[in-house]
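Novice: Please see the structure below; I have some questions.
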Amino acid sequence: MSSPAQPAVPAPLANLKIQHTKIFINNEWHNSLNGKKFPVINPATEEVICHVEEGDKADVDKAVKAARQAFQIGSPWRTMDASERGCLLNKLADLMERDRVLLATMESMNAGKIFTHAYLLDTEVSIKALKYFAGWADKIHGQTIPSDGDVFTYTRREPIGVCGQIIPWNGPLILFIWKIGAALSCGNTVIVKPAEQTPLTALYMASLIKEAGFPPGVVNVVPGYGSTAGAAISSHMDIDKVSFTGSTEVGKLIKEAAGKSNLKRVTLELGGKSPCIVFADADLDSAVEFAHQGVFFHQGQICVAASRLFVEESIYDEFVRRSVERAKKYVLGNPLDSGISQGPQIDKEQHAKILDLIESGKKEGAKLECGGGRWGNKGFFVQPTVFSNVTDEMRIAKEEIFGPVQQIMKFKSIDEVIKRANNTPYGLAAGVFTKDLDRAITVSSALQAGTVWVNCYLTLSVQCPFGGFKMSGNGREMGEQGVYEYTELKTVAMKISQKNS
């Protein structure tokens, strides 16, 4: 049977003009109260795309007031039928489909994503996610409980209230949709702070939210820096929940701020150093490709990157050879250009961090198989890099690199590799490649990770809960559990004259 044909990918928009650079509050566009703006950089060219209004605490306060007003008892949003909330989310998905090429172009230009990926993956996944959450809107319900005594008892799942949502730069559109979709389906109101590197798709989505017909104040977007706008959200006394995707270091600060303020609910999806284990009986071609994509996709800028690759001793040399051969096939350049398969890192800081970790690998004795340096003279590009003979104590084996760098380590036994795989403060994801069903179940059960992929990698789905163990965070996004993260569970017990079964 032949595989289905890939859908046609249109050309990106030429000379895209950025329409929305202001703060979005109450369905209106505002200048920052401090009068400041910040530059948004194209990471492939290092040129300024535009300047965006820089929100800080005062702007967050303004957005919170709007969101709180929209959440008041008796407001249009609170009295709206749940099914109508779903209709609004579906309308937003339709508008995204209409403007899909524009969104993909913007995501590629601002976030450095390969345009084909931005069109076929980022926008497609986002549209499907919105439709998924739309379907949940009128299916969030409680239970009746046969409690003791002459009492009628039931539970209600109610929206938490005003939610702060802090978006990372590595998936600005997808994470925007994952967060607002779950929150809005339950009836919450939101203040979104996109990453300062990548605010453009969030601001454009704000215009579509208004066009779709969401009431004023339901969705507010405040671009700004983490140390100001992000900190204001985390510590705000009138925000009921904060959801953050980003580094473990910042996640700790957010949880601390939530605890020191009003003990707001917190969902964190943080860093990872995910193990990928390849046993000798695995389908070698498939394992090489999945492991490769697991660490090189989007220039390695993915939280679930398969950044600790454990390969069984008997196939190690051949696996390394094939991995190097695969890494050398990349064509680097502007991600908007056709034929390009690797784009830039997000900014100068991340670029320097990756190169520093590559140098540490060389100095600590890992064998550099290919790559190992900067590519080109302009843009934040890093050569696809593969290290072999990596040991567990090396920095490249312990620290999150967030770049196109593959570390390949050797193991001898199942007990050894499980112990080594779990020897990390992180626990976001893991991969296992084997044809032995018993081994697959044994290893996947033993791994301390929120998601374990068997004979595949990066197969995320909006229907499935996603989140981390240990220092990779707490709470879940997507799936039924991801929806319930945006609800409070209330028990109501009524005294009645007589209870009958």
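Here the Cβ of each residue, glycine as well, is placed from N, Cα and C on the backbone.
Annotated N6-acetyllysine per Swiss-Prot: LYS91, LYS128, LYS252, LYS353, LYS367, LYS410, LYS419, LYS435, LYS495, in sequence order. The annotation site 'Transition state stabilizer' is assigned in Swiss-Prot to ASN170. For GLU269, the entry in Swiss-Prot reads active site, proton acceptor, with the evidence type sequence analysis. If you look up Swiss-Prot, you'll see CYS303 marked as active site, nucleophile. Annotated phosphoserine per Swiss-Prot: SER413, in sequence order, evidence recorded as similarity to another entry.
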Novice: By CA distance, which of the recorded positions (LYS91, ASN170, CYS303, LYS367, LYS495) lies nearest to LYS435 (N6-acetyllysine)?
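Specialist: The smallest Cα gap between LYS435 (N6-acetyllysine) and any of the recorded positions is with CYS303.
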Novice: Which one, from the modified residues LYS128, LYS353, LYS410, LYS435, LYS495, has the smallest tally of other C-beta atoms lying within 10 Å of its C-beta?
Specialist: LYS495
Novice: With the residue listed as 'active site, nucleophile' as the reference Cα, tell me which of the recorded positions LYS128, GLU269, LYS353, LYS367 is the closest one.
Specialist: GLU269
Novice: Select one residue from ASN170, SER413: among these recorded positions, choose the one with the most other Cβ atoms within 10 Å of its Cβ.
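Specialist: Neighbour-count leader: ASN170.
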Novice: Tell me the Cβ neighbour count for LYS252 (N6-acetyllysine), meaning other Cβ atoms within 10 Å of its Cβ, over all protein chains shown.
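Specialist: LYS252 (N6-acetyllysine) is surrounded by 13 other Cβ atoms within 10 Å.
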Novice: For the modified residues LYS91, LYS367, LYS419, which one has its C-beta crowded by the most other C-beta atoms within 10 angstroms?
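Specialist: Of the modified residues LYS91, LYS367, LYS419, the most buried by Cβ count within 10 Å is LYS91.
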